[in-house]
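Features as listed in Swiss-Prot:
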DOMAIN    10-246  domain 'ABC transporter 1'
BINDING   42, 43, 44, 45, 46, 47, 48, 49  ATP binding site
DOMAIN    256-500  domain 'ABC transporter 2'
């Protein structure tokens, strides 16, 4: 790595921030150098979001200082941060949908023609120049409504460049992106670094951190643990720094001899979505559905569970066919579905933790048609305790929990039904590494107890670390089946993309 310049573009120096009696950040320091991508990592609650809000001008530090180009500055508002060349790109951008791309980029700074009118021609020309600089084609006259998350993020980056930002903070930007969209974003980030900007990258995905970044800062419990070059570090090194202990294994897979066939899917088809899907899952087996976004993985299992329709095919649990289009029939047969979007599909965010954890057993817990709080609370306590769910009060709204603890509540809800088939769709998306290991442990333990598990995952390390078999889907069809010993990243990606025949 080349030697960075002596003066960083931005430096966080010994900052502290508390909210009431809770210290969110304590004595954190790190530099951001021009020409580098710098990862900021830590478990949920480590203080990363507070640091981002400091840099964005939302919160000021209680003590310590922020320096831009070696000069101490006060970022009392987002406009102060913008004036100092700092821009934050969030996971879910907030563009104005009824304005054009160019209007979103230059809102508040539109070029003016004579008589003070907005010069739309000049604005569109300037927007095109920004996208040319980023190396991405985009029509500046298009409305922002309907843009993908990936394209919205590029508009936000173009907006940052339009204000001469040279410190770009990317806060979990890849969580909702496909593989191709991630690579395009990385290409843009690398071009920003090549032009002398500093990029701060926040992500739970280690493969992305190692692919993009040159330096990493680790936080734990609001404190600075280390800042170092990534070269020579391993994922295990980062995990140990982040969680303060050796996780033993991020993928604590328990080897189990599979039992009898529990789930059978035969010739399942839905026009335009998936076709002729057939596979079996045995007791104690974890079968992963892998493939690119849009391959039809989630749709197949939602159809099998009865949430989505199917045109033809059969779904059997322990040899008994299920009535199609009936989640109730699937549940009675012993199936459970942990959906991809836990906030929209798996939880009722305004409802309490205890009520969410017992939703699947409301009828069983009721007496004479009424649900009494004591029985509900005991059941919720039992399952949230088993899953080591962290919360202040079990009566709190589930929406206040971290992503990892929300996922545990969804799992608790289904584990309380004693399922024989568990479908988990992107089970660790958006949760920190320590909680990922806990979720993996839960899934592995369930399999060891005889549950047949179908895991849909876009994270290849998770697929390879947890699955006994891997079924690869492409364009709505299963194109490859790989045993645990056969599967590797190359074979899965070749099959998923159709670029080469997989074994």
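Yeah, the Cβs are placed from backbone N, Cα and C, and that goes for glycine too.
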Cβ density check for residue 43 (ATP binding site), other Cβ within 10 Å (all protein chains) comes to 23
What's the number of neighbouring CB atoms sitting within 10 A of the CB on residue 49 (ATP binding site)?
18
Within its own chain, what residues at least 6 apart in sequence put their Cβ under 8 Å from the Cβ of residue 46 (ATP binding site), listed in sequence order?
219, 220, 221, 222, 242, 432
Taking DSSP three-state, what's residue 49 (ATP binding site) in: helix, strand or coil?
helix
For the domain 'ABC transporter 1' (10-246), mean pLDDT (0 to 100):
90
Hey, for the ATP site built from 42, 43, 44, 45, 46, 47, 48, 49, who else sits with CB inside 8 A of the CB center?
219, 222, 432
Restricting to the same chain and to sequence separations of six or more, state which residues have a Cβ under 8 Å from that of residue 47 (ATP binding site).
24, 25, 26, 28, 219, 221, 222, 223
Mind giving me a neighbour count for residue 44 (ATP binding site)? Other Cβ atoms within 10 Å of its Cβ, every protein chain shown.
18
What is the Cβ neighbour count of residue 48 (ATP binding site) at a 10 Å cut-off, with all protein chains included?
23
